[in-house]
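Here is the structure we will look at, set down as structure tokens.
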Ligand SMILES: *Cc1c(COP(=O)(O)O)cnc(C)c1O
């Protein structure tokens, strides 16, 4: 018997590295009526969104617009549009999402070189730069915030080295955008991919990207397909025809849609654009610096609470990603049973992990709208109770006091930590 009950979604507290709880104002914006994608009211909104995205990405780039699809759609659009078969791409891997960059680049025919460091650590910039000298890549692609290991990678030195060697620097900032500083221009990043469902607290389904003239020139240097007809770009011969192999992810066609040319490509995801515009508006209203400070504030309280409970944090503290905290699962404990009781008894979701870290750590996100005092206190209280229920020895009653101490100290002195 098919069920025709009304949709009923349970109340949850989401403390994972995405999707995060959506901003209530974003959800309200999504209830706005649908209008046509060439309606001036809509194209004005497209332009406003582009302008707000430039501020979010801290860039003067002409191109800043969303790709329709989840975050990896943004990654795939950038890589599909710049990679030609045989191009050399260097991917420094320090967690799962480095493998995603590798896989997508390989699918577009790149000659991919990888280096990998132990999960939970990051590279010294010199390690990457010396590999660049060996490989001479056309592109260096890497992750800014690795949600799988809870680490953040410094990018400035690598950006400089890419300019010196004339390589394109492409960065997956899906997890960091809106939660940690992503300084596109200052760090010499040629193309950045963001995500909606993490620190922007917009539902999953769009990937804001930005790229500079260096990237745009690589894209323009290829042969173009315009409205299904091959055209020669830059006076090249059509026999030298090498268009972007994806239609959906062809940034040259998307430029024609997002620029004043307004050539039709796909039907813009109307409601998601309302959501993105509202989400980015909220970020800018809070202020980038204040928003990053808020993320650090709650991170500190969460970390203090977890440590006071007697749990060990995972990974190199120097490279900790402020918006994801990784906790070692106590030796005697069944991590999945604890996670599932946390959900069934408290309605709290935290994340497990992948690959070499599976069964070893939990990952707790403090991202966007989920990153609030009551959520931090609730996850500490819930986790403590569930651990005790599982017979794990914790220092009962310490976690909330430690977190409250951090909040009180911050309130009194304005100093984090
Ligand atoms: C979540 C995430 C992605 C993948 O995003 P999807 O929306 O699932 O496609 C990519 N990179 C990083 C660093 C992420 O954290």
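Using N, Cα and C of the backbone, Cβ positions are placed for all residues, glycine too.
No curator has checked TrEMBL annotations; they are predicted automatically.
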Candidate ranges 1-20, 21-40 [criterion: TrEMBL lists as region 'Disordered']: 1-20
For the region 'Disordered' (1-20), sequence-distant contacts whose Cβ falls under 8 Å of one of its Cβ atoms, 6 or more beyond its ends: 147, 175, 195, 197-199, 201, 203-204, 323-324, 343, 346-351, 363-370, 375, 378-379
Residue 198 (N6-(pyridoxal phosphate)lysine) to residue 363 (substrate binding site) - Cα separation in whole Å: 14
Those recorded positions listed as 198, 363, and which of them has the most Cβ atoms within 10 Å of its own Cβ: 198
Secondary structure content, the region 'Disordered' (1-20) (per DSSP, counts of residues): 0 helix, 2 strand, 18 coil
For residue 198 (N6-(pyridoxal phosphate)lysine), the three-state class that DSSP assigns: coil
